[in-house]
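Quick look at what Swiss-Prot annotates:
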- 1-63: domain 'Sm' (DOMAIN)
- 64-92: region 'Disordered' (REGION)
- 93-129: domain 'DFDF' (DOMAIN)
- Ser257: phosphoserine (MOD_RES)
- Ser261: phosphoserine (MOD_RES)
- 288-527: domain 'YjeF N-terminal' (DOMAIN)
Amino acid sequence: MSQFVGFGVQVELKDGKLIQGKIAKATSKGLTLNDVQFGDGGKSQAFKVRASRLKDLKVLTVASQSGKRKQQRQQQQQNDYNQNRGEHIDWQDDDVSKIKQQEDFDFQRNLGMFNKKDVFAQLKQNDDILPENRLQGHNRKQTQLQQNNYQNDELVIPDAKKDSWNKISSRNEQSTHQSQPQQDAQDDLVLEDDEHEYDVDDIDDPKYLPITQSLNITHLIHSATNSPSINDKTKGTVINDKDQVLAKLGQMIISQSRSNSTSLPAANKQTTIRSKNTKQNIPMATPVQLLEMESITSEFFSINSAGLLENFAVNASFFLKQKLGGRARLRLQNSNPEPLVVILASDSNRSGAKALALGRHLCQTGHIRVITLFTCSQNELQDSMVKKQTDIYKKCGGKIVNSVSSLESAMETLNSPVEIVIDAMQGYDCTLSDLAGTSEVIESRIKSMISWCNKQRGSTKVWSLDIPNGFDAGSGMPDIFFSDRIEATGIICSGWPLIAINNLIANLPSLEDAVLIDIGIPQGAYSQRTSLRKFQNCDLFVTDGSLLLDL
């Protein structure tokens, strides 16, 4: 009666009660119902009804086919189990005593009856599958001539060094020669006007003095130290003039030092900075004190600005070479392209000449590529020191471009990304307003250079000489006359750190590092002036030419 399992039925008992549910089991003795619902509203999971109590049965729903098949499988399994439990097992009637009297089974003798060699030989003869089509053939490593170690030119960009680096100078010279006739005509007009308006004797006239007081001092220093060649008759007169200029310089330094001491911001009162490695307190200097050090070095020790310039370039180049990877990367056998350094310079005998000398030491060995962009055209350079350093720089392999667009187009043809930008437009002896003057062309050019520099992101580091562009070297505050400024990540200090760095840290969030570079000022120079004696007892550059500062 298993075929009725799962049927929904309504059972009427002899006492008149009605019960609904699904048949879970049906036998001759009665029914077992699931999901039972009584006539009075009661419910139960299971309920058994004896056959003697049944009066009537009504089928409400029929069981599903899947339920029937499942029930049939269960019934078949039950039948098979019952058969296995029957009397049909052949070994259960064996006599155990007879089995014990039999000999032990000889595995070795029966194994010898099977000739494995002939069987496997026959299987191999009948096997027509190629070895490479088998599974083991697919997993086997292909035999090929392969070296254990890679060469230095493998797994790199092919011909990475073969780009348009050597073509930059030729394109630049063509554009320079094309603009030379027009520029010469403009220079002639400017010279004619200047000859009428400017006279060397008017050096003390306030009308012809530079805008800033720092440029006044620079102007006096060059007038005193860079005098033209003279004969014996006028030698005494020139010496007297030189003494007068130096006397005026001393008075100006004293007056400006007093004014700076009373006008410095509150955050600028700290006059020392700590070394990152030695934790030594290093005194900080004002721009006037740095100029005074150079003047004393030239006057008392006969070390001119060219010698100081060369010392700075050598020590700063060693520091930047370490930043670019050092000896592990800077090798001629390296198949990767050389790192690229971009210099933004001005026609300044300090910042511009320093940057060019530094670029020369970086590129003269062929390990580093250096491109320079001036705030003016190359044929408009006027400072003799900058012109001299430019010629040497070009002979040593440095490149010069005349515009930001030329710089960008040159970078697109090179396999070397820009890794370091050297900001040398301003320096500590002038401002961007002084560089631009009244020329809107130069001002626009400087702004485009600053904009390009600030767009360099990622691993590109921007190192400014002494002070970033757009900040005042005396106070470290943003220049109120020139709103654009460079977001430098590091500062290269010449000789001594400027006291303006204290305010610069708060006004320049991108600033991360600062390094002090030895320019070769003798220790005895600090004892010549009372204001410089605080620099005399510092052991900075004993074995190295650079020293990291803790900002």
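Please read every residue number as a count from 1 along the shown chain.
Backbone N, Cα and C define each Cβ position, glycine as well.
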Quiz item: Can you count helix, strand and coil residues in the domain 'DFDF' (93-129) using DSSP?
Solution: 23 helix, 0 strand, 14 coil
Quiz prompt | Per-state residue totals over the domain 'Sm' (1-63) - DSSP helix, strand, coil | solution = 6 helix, 40 strand, 17 coil
Quiz prompt | Whole-number mean of pLDDT values that fall within the domain 'YjeF N-terminal' (288-527) | solution = 90
